[in-house]
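Undergrad: I have a structure I would like to understand better, so I am pasting it below and will then ask my questions one at a time.
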Amino acid sequence: MNNWVLICVLLMLMALAYQFGLARSRSVAGQGAARMHSRPGYYGLLVALWCGLPALAVFLLWTLFEPGIIRSVVLNQLPPDLAGLQGNELEVLLRRIEQIASGFGVSDQPAAFELAAAERMRSLQNTGRLAMIASMAVLCVAGLVWTLRRIDPQLRARNQVESVFQALLVISSTIAILTTIGIVLSMVGEALHFFRFVNPAEFFFGTVWNPRFSTTGAADQGQFGLLPLLWGTLMVSIIALLVAVPAGLMTAVYMAEYAPAWLRAVAKPVIEVLAGVPTIVYGFFALITVGPFFSVLGQTVGIDIRATSALTAGVVMGIMIIPFVSSLSDDIITQVPRAMRDGSLGLGATKSETVRKVVLPAALPGIVGAFLLAASRAIGETMIVVLAAGNSPILHANPFEAVSTVTVTIVNQLTGDTDFASPQSLVAFALGLTLFVITLSLNIVALYIVRKYREQYE
Amino acid sequence: MEDTVMRATLVNAEKFVGVANGALKMAARDVRVFYGESEALHGVDLDIYENEVLAFIGPSGCGKSTFLRCLNRMNDTIDGCRVTGRIELDGEDIYDRSLDVVLLRARVGMVFQKPNPFPKSIYENIAYGPRLHGLASGRAELDDIVERSLQRAGLWEEVKDRLEQPGTGLSGGQQQRLCIARAIAVSPEVILMDEPCSALDPIATAKVEQLITELSETYTIVIVTHNMQQAARVSRRTAFFHLGNLVEVDDTTKIFTSPSDGRTEDYITGRFG
């Protein structure tokens with residue numbers, strides 16, 4: 001029986017159990033001895049949960065541990081001359097046995113001991129499967145009967161059901177947190193590994209980025225200076241913010257203060273569509289249209305502008321984060337109480353004076369928060385820079401030249417042939433961790449500012 | 001019981017009766033206000049005289065705040081709001097195309113129901129209006145305006161040592177007096193007050209009421225209030241609004257003792273509203 005079929009059967013049983021619980025609680029209520037503690041639906045749910053959850057737990061644990069147990073049993077019974085196998089050879093052998101057992105087969109003629117082991121594995125798997133289904137069935141029925149018998153006016157079914165759902169909510173919210181922690185831990189681990197090859201001081205303060213290739217030998221492992229990359233990231237992000245902040249802020253002011261309702265209803269979603277364009281599309285827009293345009297523009301005014309440069313990447317990235325800035329600022333500007341505007345208008349201020357002198361200052365902390373969030377978005381952006389920044393990790397201050405950023409370098413170090421024991425690949429984790437720390441601190445500062453602002457009016 | 005309280009407060013109002021009518025300051029003729037298609041105010045005719053305190057009373061939704069906001073065109077800021085009829089300030093139509101609404105609001109100031117100081121320092125709150133209209137030519141002159149406005153609003157002694165602190169940090173009553181000082185700072189001729197005490201405690205209310213009485217020596221004041229004792233205490237004349245109509249307007253003493261309309265009597269004796 002397929003696992004999915006098993007789950008479906010379990011769900012159907014739970015639905016059945018719900019009906020049983022419902023019927024039982026109604027009949028108990030019908031005897032009229034006392035008022036039931038909960039409404040019938042809660043008794044039904046309680047029966048369904050007791051019927052389904054223990055069986056489900058057995059199913060999960062079984063599928064988690066069964067393969068390991070079967071493998072060790074099979075391994076123990078292999079011929080003694082194979083007992084010394086280690087590492088890859090053992091893996092290959094086990095893989096072969098598993099494939100013979102599943103009926104998929106292997107390309108060459110299997111050895112006799114392999115066939116025997118596969119036979120043993122198959123029988124173990126069959127037995128295990130039957131045992132699992134049997135124990136699930138027993139738990140299902142036991143849970144059903146036991147809970148049905150417990151139904152009486154004193155049983156606090158509602159409280160029990162609700163605590164189960166609460167646990168479900170807690171588990172869901174923990175998943176995101178645990179994932180974040182897991183990501184950080186794995187990056188820290190690999191980054192530490194990297195720092196065994198390269199001195200942290202050389203990494204954080206080095207001005208030359210020249211990692212070589214891992215295949216050229218361990219004698220010369222290259223130079224891993226972070227500064228050229230960090231500078232590239234900074235330059236592109238600053239250009240992006242120089243584009244996005246004025247445009248986004250003015251959009252927000254227009255939308256929140258001046259635009260008539262119908263225009264706002266149309267234009268706001270359209271602007272937000274910009275945020276939904278995949279970054280790779282922005283990337284080739286930069287590469288094919290914006291870059292050559294800047295190059296030609298540079299020629300006409302006599303400046304040497306490369307088609308792929310910090311300028312190209314920054315400007316396009318700026319366009320990408322305009323909706324981000326405008327939408328956040330718009331929300332914050334509309335949150336400024338009407339009383340503030342009335343107060344200013346009532347003193348004879350014009351609309352634009354009111355916006356400049358009262359609304360924007362009142363919204364300023366929130367707007368700064370929005371900028372910082374946009375900045376951390378710009379720093380972490382990858383696709384546009386991969387395509388349009390030119391990938392040249394050299395420390396220079398000319399925005400018309402090609403640069404490389406932290407994110408681009410991570411992509412470069414992790415694509416193609418990689419050997420995860422060499423500093424050339426491991427450096428990606430150190431870079432990733434650096435980036436993570438930067439964006440995390442920007443986000444924390446931004447959220448702190450936004451929250452502080454919120455307290456002012458609520 | 002209600003009646004004795006009312007009569008006791010009217011003793012205060014007596015002193016206004018002797019005040020002769022000043023010159024005509026504002027005049028409204030057949031003012032109607034529409035929110036979209038629905039008419040909220042059905043043709044109001046009302047005269048407002050110089051240096052008087054005129055109170056608007058009436059049940060919620062009767063149109064008294066709406067009418068007040070017509071007097072300095074604050075209704076312009078509400079989407080879908082339309083005003084017809086004629087309102088004059090010193091004989092000039094304030095809804096005339098040639099009139100600058102910014103200048104109108106400098107002449108007809110407004111104090112709102114909820115104290116709404118800007119999230120700026122106390123000083124900046126007062127200096128805001130004079131700066132907009134270029135009333136001060138230098139820092140010294142501006143300092144002077146700020147000090148005089150705060151003194152007139154009776155707030156100077158309480159805040160003179162902390163002018164640089166945010167206006168939002170003051171108590172509710174102080175905030176409302178700050179807003180009154182802010183309105184005075186642009187030297188308006190008329191001050192409109194929309195339930196200025198409804199968010200204040202009784203002590204702060206008493207201070208604001210005393211302030212209104214003092215200010216009426218210099219300014220024309222129109223006040224909307226839900227509190228009939230307040231109307232009786234501070235105003236010389238009272239206008240009663242009901243369901244979008246101006247029912248009657250007369251000397252406060254007369255409104256509270258022998259109103260000529262049955263609806264007014266029902267309202268002030270607490271039979272509805």
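Cβ coordinates come from backbone N, Cα and C, glycine included.
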Undergrad: Using TrEMBL as the reference, determine which range in A:275-297, A:367-389 is annotated transmembrane segment.
TA: A:275-297
Undergrad: Using a Cβ cut-off of under 8 Å, list the residues of the same chain at least 6 residues beyond the transmembrane segment (A:229-255) that approach it.
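TA: For the transmembrane segment (A:229-255), the far contacts come to 209, 264, 267-268, 271, 310-311, 313-315, 317-330, 333, 355, 360, 367, 371, 374-375, 378-379, 381, 385, 389, 393, 395, 397, 399, 403-409, 431, 434-435.
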Undergrad: Take a look at A:41-65, A:130-148, A:275-297, A:426-450 and tell me which one has the most Cβ pairs under 8 Å to the transmembrane segment (A:309-328).
TA: A:275-297
Undergrad: How about long-range neighbours of the transmembrane segment (A:275-297): same chain, 6 or more residues beyond its ends, C-beta under 8 Å?
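TA: Same-chain residues near the transmembrane segment (A:275-297) but 6 or more away: 305-309, 311-313, 315-317, 319-320, 323-324, 327, 381-384, 386-388.
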